[in-house]
Amino acid sequence: MKTELRGNTAAASISIQNPTTAAAAAPTISGALTGCLGSLDGACIEKLLLHCASALEGKEWTLAQQVMWVLNNVASLSGDPNQRLTSWFLRALISRAANVCPTATMHHFDGSSAIDRRRQMTVTELAGYVDLIPWHTFGFCASNSAIFKAIRGCSKVHVLDFSVTHCVQWPTLIDALAKRPEGPPSLRITVPSVRPPVPPFLNVSCEEVGQRLSNFARFRDVEFEFNIIGGGGGGSTTTSFDNNNIALCRNSMYDTFHRYFESLLTSLVDPHQLSSLFRDDEVIVVNCQNWLRSMPDDDEEQSAGSSLRDDFLHTIMGLNPAIVVVVDEDADLNVSSLTTRITNCFNYLWIPFDALETFLPKDSAQRIEYESDVGHKIENVISHEGCQRMERLESGAKLCQRMKNVGFSGVMFCEETVKEVKSLLDEHASGWGMKRDEEMLVLTWKGHNSVFATAWVPGGLGEN
C-alpha cells in the first residue's frame, strides 16, 4: 500500500560515506539502493528497512550498519512525517541489532539518541491526549453507543472494562445514562488491577480514578460502584509502571502482566470467585479497547494449540454478556516474520505522523509525546521477540473471524451510532472518515483503515 505521505515526501539525498566501513561494504549495499535514483522516497525507505532486517537476520553486521548509515541520513525527529517515521524505525533496528549482536557498534546513529522518556500524565493531560486525534475517541463513541443500545431497559449494569486509557471513556456513558427517559440504571464498572505496560501512563492510582468516576456519577444522579479485581484472588492495589520500572524492569513487566492475566482467567471461571464478583440481577457488558493485542498469540503458539487470547474470549463467552465490544488498531502485526512485521508496520503507522502534521507545529510538546508513544510501539514490534513483544495486533478482519470461531455473533452498528461517530469526526481534520465493513465500523485517514470497532453477543443472538 503506497500512501499519500510517501508520494509527497521531499527527496532526501543519499550519503553512505562512513569512513570505517564504506569501502568494504559499498558494493554490497548497492543492491539495496537500486531504483532509488539518488533520493529516498517512502518506497526506497521501506526497501532499505527490509534490507537491513534481512542483513540482521543473516548476521551480516557490516551490511546492516551500512544500511542504517543510509537511513540515518534521512531520519530526523524534527523533519517531515516520513523522516520522523524513519527515525523510529531506525531506532528499532538499532535496538534489535543490540539484542542479536551485543558487540555491534551502533551508538553513532542519530536515531539511537531519540526521546526515551515515558511520562506519567495528569488526568487533564490524558483527556487532551485522547482528544488530539480520534484514534481513541472513535472507539469510545462507537462502543458507548452500542452499549447504550444493548442495555436499554436494564436496571442494573455491570461493565468489565479491559482497556488501556484509564476509564476516560466512561464519563460520556454515565452522562448519557443519566438522561435516559426511564431513568438511569445502577452502574458497576470493574477493572483489572494490572494493565498492559503500554502508554498512556497516568500519575494517579486506579483507586483515585474510580473515586473521580464515583464523584461524577453522583453529580449526575447515577448509582455507581467501582471495583478492582486482582488475579488469583489478589487485592485491589493496582500495579504501576512508572519511568523507572520501564527503564529497569521491562522483562518483569511483561511477565507480570501475562502471569496476572492467566490467573485472572482462572478466577473468572471459578464458581466461588464468580459468586463474589457477579450478581444474578445485573446485565454484564465487556469492553475491550486496545487490549487483546497484548495477549500472546503468535504463529508458534497457534501451531502448538495454545492461545491466551482465545482462552480469554472463551471465558468471556461463559459469562453470557449482553454485549462485548472490541476496538483496536486495524493492522496485522501478529506474525513471526520480521520482514512482514516491518512492511505492515511501515504501511500503517505513517498515519498518526501524517495526521498530526496537519495541525500541530514541529516543536509541539503534544505532538512529540504522541509520536514518541507511536515510536515505542514500532520499537516493540521490530526489536523484541517472545513475551517481550507486547504489540501483537491483528487486523479487524482476523479479529472478526476469531470471534466467530469462538462462538460470538456480530451485532451491526445502528444508524444512530453511525451518526454520532460522524458528528465526532466533524470536529477533527477533514482527512478523517468512517466506513462500514461487514461487522465493523472503521476509522479511516485519507481512505486508509486506522481503527476498527466491533460489537458481539454470544451464540446466535447477533444481528445480521
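Each Cβ is built from the backbone N, Cα and C atoms, and glycine gets one as well.
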Among ranges 157-161, 222-226, 412-416, whichever one TrEMBL labels motif 'VHIID': 157-161
Three-state composition of the region 'SAW' (383-457), taking helix and strand from DSSP: 26 helix, 25 strand, 24 coil
Secondary structure composition of the motif 'VHIID' (157-161) [DSSP: H/G/I, E/B, coil]: 0 helix, 5 strand, 0 coil
